[in-house]
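What Swiss-Prot annotates here:
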type     : residues   : note
DOMAIN   : 172-248    : domain 'Toprim'
BINDING  : E178, D222 : Mg(2+) 1 binding site
BINDING  : D222, D224 : Mg(2+) 2 binding site
REGION   : 279-302    : region 'Disordered'
COMPBIAS : 290-302    : compositional bias 'Low complexity'
Amino acid sequence: MGALTIVAKYMIVAQIEVNGSVDKSDIIGALFSQTEGLLGKDMDLRELQMMGRIGRIEVEISEKNSKTKARIYIPSNLDRYETALVAALIESVERVGPYLASVKVLEIKDLREEKRRKIIERAKELVKLIEEEILPDTKEIIERLKEDVAKAEIIEYGPEKLPAGPDVDKSDSIIVVEGRADVVNLVKHGYRNVIAIEGISKGVPQTIIDLSKKKSVTVFIDGDKGGEIVLRELIKVAHIDYIARAPPGKEVEQLTAKEIAKALRNKITLEEWLAQQKAAGEKTESQMSPQQPQLTQTQPTTAEVQAPFDLSKKIEEMLGTLEAEIYDANWTLLKRLPVRELPDFLANSNDSIYAVVMDGIVTQRIVDLATKRGVKVIITARVGPLTKVPEDMKIVTFDQITQKT
């Protein structure tokens, strides 16, 4: 079917069967000639076509066994009554050339209805486009508002101008994350005591190191290898208390409120993290720091640690408990507590402490707190990465003592 010459309201679709071989021009000629004058001049096909009331007649033809079958299309700009008359008119054709023929109208299409249907379908698509891309839902608006408010609350902290929440100074504890986007996400969800290190390419910022000496520190890392690298750099120079981790493959900046709360709720102590690394077969100390603790010179052997009881039996008793015992200068037991509570105890106790025996890992933070309390002896299951140990402090491992007995 070719192009139409008018903007039609209706389309008459008819089928003609001819008992002989004819072409398109024969069929169109028969339509004009055999209907001429039947309904008067006003309904003559030629006159209607000249006035633009009907369009160009199109014929799709096929021939088989010396018979011709064709589909006829007549576009009409008449009203529905006049269009119906034209349709009935062409059914009156009985011959094409010398051959008998029959015409049957198959349908009269309302082209305006087809246009209306397409318009409605397109309108539906556009409404969906508006709903999905132009008009955000209430939840999205609230999330945008939260993020805008969070960004407005972000401050620049310290000489390095690190991105931080507004409560870093006021809070006794802080959450250390990697980047500004992490800070924005945590502040958005109500965690205002957060600060970012902004990468470790230039080392850990001094501001973070200084804060870690005064506050309880939770490092919140991404759930990938990059997060572990950041953590190891922090452990070298800062006093880390707890470690929280995003789910595997996720970054802190991507987490929902529930995911953040769960990760922080499941945080572990540095000692527990180091123990997990060992259990996983990782050589944690060699990966984390080139400054491994040296148990010579500054760490005397067990012969230099004197106690009024059998230290080997004490170690056997302590193994597997994850607890610590606190002693005064007379080796009188002052307190027994979980290793994870040891840093807080050392920071807040007014007791005169001489020795600590612990089934855990000595970290730099524990050494620093013990130094402030005047501790002279630490007997421990393991020694973590240390950067400084007082000359008058003895740090001895369980293995050193048991190997000497």
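Residue positions begin at 1 at the first shown residue.
Any Cβ shown, glycine's included, is placed from N, Cα and C.
Considering only the binding-site residues E178, D222, D224, the Cβ with the fewest other Cβ atoms within 10 Å is that of D224.
Across the domain 'Toprim' (172-248), the model assigns an average pLDDT of 89. DSSP classifies D222 (Mg(2+) 1 binding site) as coil under the three-state reduction. Taking the Cα atom of each, E178 (Mg(2+) 1 binding site) and D224 (Mg(2+) 2 binding site) are about 12 angstrom apart.
Mapped onto three states, the DSSP output places E178 (Mg(2+) 1 binding site) in coil.
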